[in-house]
Amino acid sequence: MDGDRSKRDSYWSTSPGGSTTKLVSDSERSGKVDTWLLILAFTQWALSIATVIICIVIAARQGYSMERYSMTVEALNTSNKEVKESLTSLIRQEVITRAVNIQSSVQTGIPVLLNKNSRDVIQLIEKSCNRQELTQLCDSTIAVHHAEGIAPLEPHSFWRCPAGEPYLSSDPEVSLLPGPSLLSGSTTISGCVRLPSLSIGEAIYAYSSNLITQGCADIGKSYQVLQLGYISLNSDMFPDLNPVVSHTYDINDNRKSCSVVATGTRGYQLCSMPTVDERTDYSSDGIEDLVLDILDLKGRTKSHRYSNSEIDLDHPFSALYPSVGSGIATEGSLIFLGYGGLTTPLQGDTKCRIQGCQQVSQDTCNEALKITWLGGKQVVSVLIQVNDYLSERPRIRVTTVPITQNYLGAEGRLLKLGDQVYIYTRSSGWHSQLQIGVLDVSHPLTISWTPHEALSRPGNEDCNWYNTCPKECISGVYTDAYPLSPDAANVATVTLYANTSRVNPTIMYSNTTNIINMLRIKDVKLEAAYTTTSCITHFGKGYCFHIIEINQKSLNTLQPMLFKTSIPKLCKAES
């Protein structure tokens, strides 16, 4: 074993080249490692110190930058504040300056310029309107017109159906339509407003009423109020009367029994100007003065007064009055219905009914036209024709309705609807039933009355609701009707539905034999007087305005009130 170890030691101690190799001991190797570890540790320490120094330097520099940044931001804020304050001050000064200028212009400059321009335009228009050929142009300077689709109801157009036959329906019952009423009233407790007259033209309407300041006596001094306006639709899409201009005529002129016509952009009013009471007037020869008033939409008014000698009368009259209800406009003339007493009675046979009446003859009917209470004068209806009504001085001609065509002369109304003229007269005599028909104004003048059995009016005991036999009497009340069908067989009206008393005003839609649909205004005891009904269409749908003199019983005075209904027309399907 020892020999082998000596051989092994000899091998490791000699190099292959034969030189001797010195072996490194374990202690020597350990010393070198420690040296390198020491060097590495020192290097790490040095790097750490350098890193700390670098961080300190960087931090110092950053602190300086932050301080400079803060100072810069503060300086910018200060500068921004100064600029803001400067701009605000400048803007405030500019705004104040401009506001002062605007205020000055609005309060002073613009009104002055507008007034000047308005005066210039008005002067130019008035200068132009003085020329005859520009009259129509000047009339149209104010654009006032009914709402689109609204027109006076024309029976030939209304009373038809796309299929089937038209008829008045009882279901549902008519009801009052909501909306305002702007009819003129009184400012005194005892004031009385009478004789409403309404005319609806193609563009505007005219409404007139008589205001007596104390009580309701006809001869009492009174104002006459004439309104012009147009028909609009309210928020419920129902029609309303909207007055545009109103004129009140002097109380000292004492206009009475006025009738109106609306045509173009003007309203025309024909009135009597009595100086005595009615009975005294009938007992004397000649008539009281008439006056024609003209009002336009600018509020300008003109009046023409006519004495008995200035009127072309076809017969001598002791009394003559416009008929309260509306008149009509035709080519170049206005026509008002009137009534009055002839100085000398006409000869001929009047409208009469003998069948079913005891001890009655034609003479009974003829004599019934001569009213004892009015001095025995024969009371007739007339047409009052105002010719050349656009001229400086219109002319008036009076034509008597032949007694052969008429009942007792009385208040009434004319309507021109389409090509036909309709006439209504108050049933003041023995004939109590509704008097409405078609008037032919050509020569000879004729009336085709439509017999109505269902509608009548209250009257005195001898001539009450049911009376149909001839006798002398003067009674009744003005309750006109509006024709819905071309033959005036179907009508809209407000009747005082009572036998002898002026009570129970009731809106009625009726044909010749039956009351189809009706609405009582309040109750059977409500007192009323004159009523007038006018109807329109809105794109074919029919509506009626009803104006009723209602007795304000707590004040014992009359005041017209406006009501509106929808026409209950339906179409019967063909079988």
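Just so you know, glycine gets a Cβ as well, placed from its N, Cα and C.
Among the features that Swiss-Prot reports, compositional bias 'Basic and acidic residues' is placed at 1-10.
Taken from Swiss-Prot, the feature topological domain 'Intravirion' applies to 1-37, supported by similarity to another entry.
For 1-25, the entry in Swiss-Prot reads region 'Disordered'.
Taken from Swiss-Prot, the feature compositional bias 'Polar residues' applies to 11-24.
Feature annotation from Swiss-Prot assigns transmembrane segment to 38-58; the stated evidence is similarity to another entry.
When secondary structure is read from DSSP and collapsed to three states, Cys192 (disulfide bond) falls in the strand class. Annotation source Swiss-Prot lists disulfide bond at Cys192-Cys216 (among others).
According to Swiss-Prot, the region 'Involved in neuraminidase activity' annotation covers 254-259, on the basis of similarity to another entry. Only residues 6 or more beyond the boundaries of the region 'Involved in neuraminidase activity' (254-259), in the same chain, are considered here, and those with a CB under 8 A from a CB of the stretch are 195, 197, 208, 210, 218, 221-222, 224, 269-275, 291, 321-327, 336-338, 411.
For Cys258 (disulfide bond), the same-chain residues lying six or more positions away in sequence with a CB closer than 8 A to its CB are Leu195, Ser197, Ser208, Asn210, Gln224, Gln269, Leu270, Cys271, Ser272, Pro322, Val324. In this structure, Cys258 (disulfide bond) is part of a beta strand by DSSP. If you look up Swiss-Prot, you'll see Cys258-Cys271 (among others) marked as disulfide bond.
The annotation disulfide bond is assigned in Swiss-Prot to Cys357-Cys469 (among others). Cys357 (disulfide bond) counts 16 other C-beta atoms within 10 Å of its own C-beta, drawing on all protein chains shown.
Annotation source Swiss-Prot lists disulfide bond at Cys463-Cys473 (among others). Sequence-distant contacts of Cys473 (disulfide bond), defined by Cβ-Cβ distance under 8 angstroms and a gap of at least six in the same chain, are Ala368, Gly429, Trp430, Gly459, Asn460, Asp462, Cys463.
Its own atom aside, the Cβ of Cys535 (disulfide bond) has 24 Cβ atoms within 10 angstroms in the protein chains shown. The disulfide bond annotation in Swiss-Prot covers Cys535-Cys544 (among others).
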Compute the C-alpha separation of Cys216 (disulfide bond) from Cys544 (disulfide bond), stating it in Å without decimals. 28
Looking only at C-alpha atoms, tell me how far Cys357 (disulfide bond) is from Cys535 (disulfide bond), rounded to the nearest Å. 37
Going by a 10 angstroms cut-off between Cβ atoms, which of the disulfide-bonded residues Cys192, Cys271, Cys463, Cys469, Cys544 has the sparsest surroundings? Cys469
Averaged pLDDT, computed only over the residues in the region 'Involved in neuraminidase activity' (254-259): 96
Can you check what DSSP calls Cys271 (disulfide bond), collapsed to helix, strand or coil? strand
